[in-house]
């Protein structure tokens, strides 16, 4: 029996993780959850799974859930804030922590979980982007597995199993291309949030949907891949594959290319990470090759989708530059969703902050938190938020 903590249990990945646990109750047990402010969803999870702990970040939501548990004599202990997240990430009885919260908020709980010897099922891209070197070194120090919970890195992880790192020539990360694949800059001038949120293949949260539309999501995945698999940026390629059947590939020195293919469904990489190193009976629709008419691959347009280009630049620069990129992007996406900036301004703001805030500093926990704060305060004052 594996005991699981889910950070971000009410979001897209968290909800699908609950689906996996629901179907594997004999082998997976939900011990603790966290959420931001979705008190109604948390109450439903408590009623069904009866976790020992539930954490709410928002004060009012915390009180609602706490009162519900007291009034209904439910044993779930309700905690709040970052302190609560760290507590449930370091519980002695927990084997695996699923980090599916969005943004920098997942960084400290993830590091604390690693230091407590927990395997990490990582769906929070920002953790590796801003502090990849620190996270990977901590994982090695504490003999912890970092198991990627996204289709691309989960695919690469599988393609690398049983092979030697020195035999790898290139990692090929596939991208659907998002809702604006094939568009040029002039066609994206009047894009509204509702257009950018309509992803052609995946059902995702609002922030990651915008990242997919700008291709920033793929840029973050490139930086993640660098840290997860120890491959230079020159050997990490992005290929647009609109059918989303090939989830990523590894090219070896002898010319062989190993690809992982499956129906596009996030439950597969979640299930693989939770059950690693074993494979379980599929919870998704099997791939039917007779129904696949064609598979196509294209080069990404980095001029139109500037954030992907900037992610490569930030990754190669190293140090705190990925943290600057990430902090600026989180604020820029929020500004776009609130109608305060245009779609194409997202890339412009990333470029502006990378130029303004870069310092030759090691990516320690203190440094990345400090520079992230500087970027957010600057953009907050600029746009009065």
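Count begins at 1; order follows the chain as displayed.
Including glycine, each Cβ sits where the backbone N, Cα and C put it.
Just one of 142, 199 is listed by Swiss-Prot for the same 1-deoxy-D-xylulose 5-phosphate site as 125, 151, 152, 176, 212, 217, 218, 221, and that one is 199. Residues 10, 11, 12, 13, 124, 126, 205 are given by Swiss-Prot as NADPH binders; from 37, 183, 184, that same site also lists 37. Residue environment of residue 11 (NADPH binding site) contains 24 other Cβ atoms, counted within 10 Å of its Cβ in all protein chains. Within 8 Å of the Cβ centroid of the Mn(2+) site, not counting the listed residues 150, 152, 221, the chain contributes 125, 148, 151, 153, 154, 173, 217, 218, 224, 225, 248. In the set 10, 11, 13, 37, 124, 150, none of the binding-site residues has a C-alpha within 10 Å of the C-alpha of residue 217 (1-deoxy-D-xylulose 5-phosphate binding site).
Within 10 Å of the C-beta of residue 199 (1-deoxy-D-xylulose 5-phosphate binding site) we count 18 further C-beta atoms, all protein chains included.
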